[in-house]
Structures are given as structure tokens and as C-alpha cells.
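K.L.:
Have a look at this one.
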Amino acid sequence: MKKHGVLNSEIAAVLASLGHTDTIVIADCGLPIPDGVKRIDLAVEIGKPSFLDVLQVVADDMAIEKVTLAEEVIINNAEVNKEIEQKLIEPAFEYVSHEQFKAHTKKAKAIIRTGEATPYANVILHAGVIF
């Protein structure tokens, strides 16, 4: 049994398979997941697990070069936006329209669905390198 890091076998496998610039998405329970993209559904009830809890665990185990968010999060969920900025200090941040965000999810290696039920609590993590 693993002693630390991501314990979920599906998430751990996706993280291990990422190459430079590959993307994964951590999503609230309402984000549409495109056909053909791997769905890792962690939602057990409204709010559990939370978006921020899942983001923290994944971010601790992943080299992140860039973060993409829907620009609507700035006004409609300022608290989550602030938390993301505090948790992910080093990567570059990119804000796009929610429609553009959803289009970008079609290229993701996986989408991790949380139980989060607040608006625009979604992030695309772009893999960096560890060297």
C-alpha cells in the first residue's frame, strides 16, 4: 500500500502517465464531461469531496506548469479563485471564457469530478516537468 501521495489508483495512474503539457481537469459536480475523456468520479454527495481538497492532493503530487480557469470564477466564486491562487503559487495562470474552458476539456487526459457545488469551481492543470 502507498504511504503518501494520491491513493486513488485511477488518479495515480493518470498522473504517472502525464507528459509535458498534457492536461487534467478537476471539476465541480456540474461540469459537462465530453465523450471520450476519461471520467474519474469521486463525488459521493453534494460538497464531498470538495474541489479544494482534491486540488490540494493532486497539486502536491504533480508538476504543474500552467493553470487554466474560467474567467467567470473571478466574480462568481471569488473565494475559490483566491484559494486556488494561494495553493498554486508557481504556475502561470490563464483565464478564458467558460465556453473556451469547456472546449479545452475535450483534450484532457482525464477529468476528476468532485462533489463541489459552487459555481465555476473547475481548473485545468497543465503538466510541467520535474527537471
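Keep in mind that glycine also has a Cβ here, set from the backbone N, Cα and C atoms.
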K.L.:
Same substrate site as ASP28, TYR120, ALA121, ASN122 according to Swiss-Prot: which of HIS98, HIS104?
P.N.:
HIS98
K.L.:
Taking only the residues the record lists as binding substrate, namely ASP28, HIS98, TYR120, ALA121, ASN122, what is the largest Cα to Cα distance between any two of them, in Å to the nearest whole number?
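P.N.:
Site span for substrate, by Cα atoms: 13 Å.
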K.L.:
Tell me the Cα distance separating HIS20 (active site, proton donor) from TYR120 (substrate binding site), rounded to the nearest angstrom.
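P.N.:
Checking the Cα atoms of TYR120 (substrate binding site) and HIS20 (active site, proton donor) gives a distance of 26 Å.
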